[in-house]
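> Annotations per Swiss-Prot:
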type: BINDING; residues: Lys20, Ser178, Asp179, Thr220, Gly221, Gly222, Met223, Ser224, Thr225, Lys226; note: ATP binding site
type: BINDING; residues: Ser59, Asp146, Asn158; note: substrate binding site
type: DOMAIN; residues: 285-363; note: domain 'PUA'
Amino acid sequence: MSSISTGRTALRSARRVVVKIGTNALTNATGRFNRQHFDALGQDLLWAAQGRELVVVSSGAIALGVERLGLPSRPRDIPGKQACAAVGQSRLVQAYEEAFAAHGKAVAQVLLTHEDVQERRRYLNVKHTLERLLTAGVVPVINENDTVSVDELKFGDNDTLAGLVAGVVDADALVLLSDVEGLYTGDPRRDAGAELLATVMQVTPEVLALATGTSSGVGTGGMSTKVRAAARASDSGIHCVITSGAVPGRLRAVLEGADVGTHFEPTGSRRSARAAWIAHALRARGTLTVDAGAREAIVTGKRSLLPSGVRGVEGDFGRGDPVDLVDAEGAVFARGLAAYDANELRRIAGHRTADIEAVLGYRYLDEAVHRDDLAVL
């Protein structure tokens, strides 16, 4: 039996859990839906739902659509993938309904695109809906809306989606189930000497390098997307474990604190809902290069970014759009909402606050990015 490490004991008391199930955890070697395997996963999920609030982020719609349409392989073109997703999504949700209904649990289908969390009002609508479902004892089954999302079909976005959802619902734990045991020092399919990393204290560039290039042929995600999702969760104070969904009882072992898979320790504290939205739900539309003094004031002093600290502006963005803040070396250290558009910031960059009106002829705010609209990464 697996032992229990000190760092994982918090998983035993996790009350709100997000579980992401990858395509490869639902299909066999030929890419077909594996009913026996799904039933075993269903038992794990039912156990997890007892005494906990459970959210399931599930891949598999495209693979099920391929099977239902009798296609020899997964389409490579976007319309083909979207058609398969449209056919397969109903079958996927039906499978979850049958698994949970036998034990009196209701499920709710929730289809999301990145745009649903990009805009603040829609983000809050998603959050409030999921909160209401969980309060009612319903298990939300969430999937990327592949039928209408073009960009999201290009890579393993359900890993990213699961990380975002974990932040939206303020989860205690995120479990990413795949067809591999966790993060290895090499690709275990090619390197017999690759060793499993039991614990990752912080996702560094070296850790991300280990994840690069590990993927499979049925789903769209690889280890890189999983590690990045784990990093987002960890940064928000959420425990994350990447492990195999192909092993019966593995989810239960994770939530009992056993040493299985790769555990990503939380590195940050719980963010406010607004800070979490800025940090993880938004996609930057531009970049502001800041000087060392401004970086120190933001990171250590929790201060706003003033125009005087801006050294460069890249991109074409409007007021209120998300922008990344980078240091002189180009490293992103914060994300925020711009108080001025790109052209305005180019004109006032390096100027004192008192000079803004003289340069522009008007002044909206004293800051380039207000501290209430900033999230340090």
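Glycine is no exception: its Cβ is also placed from the backbone N, Cα and C atoms.
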> So for Lys20 (ATP binding site), how many other CB atoms are inside 10 Å of its CB?
31
> Which one is it, among the binding-site residues Ser59, Asp146, Asn158, that lies nearest to Asp179 (ATP binding site) by Cα separation?
Ser59
> Quick one: pull the CA-CA distance for Met223 (ATP binding site) versus Asn158 (substrate binding site), whole Å only.
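Their Cα atoms are separated by 12 Å.
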> Listing them in sequence order, which of the binding-site residues Ser59, Asp146, Asn158 have their Cα within 10 Å of that of Lys20 (ATP binding site)?
Ser59, Asn158
> Among Ser59, Asp146, Asn158, listed as contacts of substrate, what is the widest Cα spread in Å, to the nearest whole number?
10
> Could you give the number of helix, strand and coil residues in the domain 'PUA' (285-363) as assigned by DSSP?
26 helix, 23 strand, 30 coil
> Just to verify: the residue among Ser59, Asn158, Thr225 with the fewest other Cβ atoms within 10 Å, which of the binding-site residues is it?
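Selected from the binding-site residues Ser59, Asn158, Thr225 on minimum Cβ neighbours within 10 Å: Thr225.
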> Do you know the mean pLDDT across the domain 'PUA' (285-363)?
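It averages 96.
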> Using C-alpha atoms, which one of the binding-site residues Ser59, Asp146, Asn158 comes nearest to Thr225 (ATP binding site)?
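Closest by Cα distance to Thr225 (ATP binding site) among the binding-site residues Ser59, Asp146, Asn158: Asn158.
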> Using a 10 angstroms cut-off on Cβ to Cβ distances, just flag whichever of Asp146, Asp179 is the loneliest among these binding-site residues.
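Comparing Cβ neighbours within 10 Å for the binding-site residues Asp146, Asp179, Asp179 has the fewest.
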> Per DSSP, Asn158 (substrate binding site) is which: helix, strand or coil?
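Note: Asn158 (substrate binding site) is helical by DSSP.
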